[in-house]
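Now, the feature entries from Swiss-Prot:
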- C115, C120, C126, S362: [4Fe-4S] cluster 1 binding site (BINDING)
- 131-351: domain 'Radical SAM core' (DOMAIN)
- C146, C150, C153: [4Fe-4S] cluster 2 binding site (BINDING)
Amino acid sequence: MSINPAFLRRITWGSKSLHHQFTRCQVRALSSSVEQTPESTTPALSALRERLANGGPTLSDFLTRNLGEEPYSVDVGTKKNPLPKPKWMKAAVPGGDKYTAIKAKLREMNLHTVCEEAKCPNLGECWSGGETGTATATIMILGDTCTRGCRFCAVKTSRTPPPPDPNEPTNVAEAIVSWGLDYVVLTSVDRDDLPDQGSGHFAKTVQKLKQLKPKMLVEALVPDFQGNSECVQKVATSGLDVFAHNIETVEELQRVVRDHRANFNQSLEVLKMAKTYSPLGVLTKTSVMLGCGETPAQVIETMEKVREAGVDVITFGQYMRPTKRHMAVSEYVTPEAFEKYQKLGMEMGFRYVASGPMVRSSYKAGEFYIKSMIEDDRKKASSSSI
């Protein structure tokens, strides 16, 4: 079944038409999932489906409940007559002592951050410390040039990027430790030009960090490694605490949003492999952009498939066009709609869901929750082994 995104943008979150479209699509998605993968269904999803089968509230009921006539999204206008961004999409201007210190340290160590390369709107908040006072930066390793060209990403691309710096794992680890952080996110460009896709370099960086500061929690936001199981295993067993890989968008929009070498099923398999190879206690995580032209029903179906893959944490954020050369924004999803996805995600059994217009996959707001989850898991594991 196909739902016109323009139609969904015009109608309200709580309308009968949207409820009808949701119900038809979600029943098809749920029934097919139950038939195809019953052994992989999580307890939370099983309970949710049982309620549906027994005439309980549908997923569309869950999403539309209490929103009344609140809109699902705000239009962006046309190319000739663009509308202004909604007030909730206004980002703070970068500044402050911590921001200046981190920027200087990065230049001194010749390090790259995805914050700058991808023009992240949260750069000012994360580097200055925001409400928590804890400054964070997501370090990008394996250089600043990607072998792929996704339509949403501002990182520069090349078929033959410069070779990785062999000293980078040590330089990155020493720089991060000098900042006194307790939680750090490492990410990288895609390196299809390397025999191991850069997985060995990634693993060395994690291992070096753990050697210098064993108690530091390390999240690795990795590429798909072309679905290579050996590469996934190498990183998953490197000593990290969170294995993250982003599916980026719903299955129907993969070829529109991502490079042709990436696809939904390959990314889903990477997350499944990570869960299989990772030691007990390692969390898996993924992220989805909204506002690319997807429908709410497609988002729900994506959430189900991701949860069935055993993923622990999922984040949702608004897609923002980095430059005019990149894919245009289809709509601005409202904070209320993001909140509904957050509640539905928890209902489905995700251990943590970060969902908001300004949320990004490596956004600092979720680190405190994830850190607490990891520490609690380890305490339980330690007490049970006594």
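Glycine is treated like the rest: Cβ placed from N, Cα and C.
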Discussion item. Helix, strand or coil for C150 ([4Fe-4S] cluster 2 binding site)? Use DSSP.
Written reply: coil
Worksheet entry | Mean per-residue pLDDT computed across the domain 'Radical SAM core' (131-351) | 90
Practice prompt. For the recorded [4Fe-4S] cluster 2 site formed by C146, C150, C153, name the remaining residues of the chain with Cβ within 8 Å of the site's Cβ center, in chain order.
Written response: R148, G149, F152, A154, V155, T157, V189, D190, D259
Worksheet item: Around C153 ([4Fe-4S] cluster 2 binding site), how many other CB atoms lie within 10 A of its CB?
Response: 23
